[in-house]
Amino acid sequence: MSFIKLLAFSSVAATFSGAYAALTRRVACSDGVNTASDEACCSWFAVRDDLQENLFSSECGQEVRESLRLTFHDGIAFSPTLGGGGADGSIITFADTELTYAANGGSGGVEDIVDLMTPFVSKWNVTPGDLIYFAGAVGTSNCPGAPRLQFFTGRANPVAAAPDNLVSQPGDSVDTILARFADAGFSSDEVIALLASHSLAATDALTSGAIGDPFDSTPRVFDSQFFVETRLTNAVDGEVRLPSDGLLARDDRTSCTWQSFIDDQDGMRSAFAAVMTKLSLVNQPSDLIDCSEVIPEPPAAPSGSGAAPYFPGTSTLSDVDAACTATAFPTLTQNAAVTSLAPVNGD
């Protein structure tokens, strides 16, 4: 399937899948509880409940962060010239190969979640590709403020390991990152939209001796605070920044999109949901079945004081590194209570 056809399918699916489901006859699932727009979706209700109870504990915690990370490490591993199956689950089936790659093994932060998710493949007789993107969507739904992600089922089993060097790393230059994503069919704006996932991120021995240091001061909420704090000259005590994030936040090709998400959290969420759908369909056929109805609706973002993006601690506009000359940096209030952050992994 050509990449142009893939993108067209993704766009049409995102626009019309909900309307189509509403117009089609509902199927009564064999569990006697649920109904679905397609019988193929029925089995996923039980998988969802199992993941929530036995992997995520229905929380926005470490396994959610790792599951979301895994969607990227699997899906981006595609190149029209170099090969790779894209969003096919090869990182689980061929873990003995792909977890030896520098971007995946050790500091890559996906070994543990691959080990945890692998038993669910045989338990529920699902393909690893379907499981990876289903788990990413279900897990993200536990996080306040997150968008509801789409899920499509019907991926075939992967047939080969993805080649090495297809997953970007924190030490890569902006040129290298944008070129890798462009090769896989993603624009620079979509790169920044994908990085909204770092709103929930924490280290897995990536850049520091500590494991679980958050990337922003609200790691349990899907919001734009990550885009604020990455632009500050100094990080909050206990916060970790990836070198690549800092570069993308300040590069002329990406800084304005980065900055635009700060005070447009709805736009950020919509862009993230759209690019996650695209990531989940990389190099996949056009006849996958939309089972997004199985994904829970995420809880709303917190309201009231502290809900809007802010300057942490004593930071002010003077602490913002210059970037995006086309628009002014948003006007933010100060949250003086945020002076240090505790590790979040293990929560």
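Placement of Cβ uses the backbone N, Cα and C atoms for every residue, glycine included.
The feature active site, proton acceptor is assigned by TrEMBL to His73. The Cβ of His73 (active site, proton acceptor) has 24 other Cβ atoms within 10 Å, all protein chains considered.
If you take the C-beta of Gly86 (Ca(2+) 1 binding site) and look for same-chain residues 6 or more apart in sequence within under 8 angstroms, you find Gly75, Ile76, Ala77, Phe78, Ala184, Val282, Asn283, Gln284. In the three-state DSSP scheme, Gly86 (Ca(2+) 1 binding site) falls into the coil class. Taken from TrEMBL, the feature Ca(2+) 1 binding site applies to Asp74, Gly86, Asp88, Ser90.
For His198, the entry in TrEMBL reads heme b binding site. The Cβ neighbour count for His198 (heme b binding site), using a 10 Å radius and every protein chain shown, is 21.
Marked as Ca(2+) 2 binding site by TrEMBL: Ser199, Asp216, Thr218, Asp223. Asp223 (Ca(2+) 2 binding site) falls within neither a helix nor a strand when secondary structure is assigned with DSSP, and so counts as coil.
A coil conformation is recorded for Cys29 (disulfide bond) in the three-state DSSP classification, outside any helix or strand. Around the Cβ of Cys29 (disulfide bond), 17 further Cβ atoms fall within 10 Å across all displayed protein chains. The disulfide bond feature in TrEMBL is assigned to Cys29-Cys42 (among others).
TrEMBL lists Cys41-Cys291 (among others) with the feature disulfide bond. If you take the C-beta of Cys41 (disulfide bond) and look for same-chain residues 6 or more apart in sequence within under 8 angstroms, you find Thr153, Ile289, Cys291, Glu293, Val294.
Taken from TrEMBL, the feature disulfide bond applies to Cys60-Cys143 (among others). Within 10 Å of the Cβ of Cys143 (disulfide bond) there are 24 other Cβ atoms, across all protein chains.
The disulfide bond annotation in TrEMBL covers Cys256-Cys324 (among others). Residues within less than 8 Å, Cβ to Cβ, of Cys256 (disulfide bond) and separated from it by at least 6 positions along the same chain comprise Cys324, Ala326, Thr327.
According to TrEMBL, the domain 'Plant heme peroxidase family profile' annotation covers 68-328.
Here TrEMBL flags 1-21 as signal peptide.
Within 10 Å of the C-beta of Arg69 (site 'Transition state stabilizer') there are 20 other C-beta atoms, taking all protein chains into account. Positions annotated as site 'Transition state stabilizer' by TrEMBL: Arg69.
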Legend entry - Alpha-carbon spacing, Ser199 (Ca(2+) 2 binding site) to Cys143 (disulfide bond), which is rounded to whole Å: 10
Legend entry - When distances run from the Cα of Arg69 (site 'Transition state stabilizer') to each of the recorded positions Cys42, Cys60, His198, Asp216, Asp223, the nearest one: His198
Legend entry - Proximal but sequence-remote residues of the same chain as Asp223 (Ca(2+) 2 binding site) (Cβ under 8 Å, at least 6 apart): Gly145, Ser199, Gln265, Ala301, Ala307, Pro309
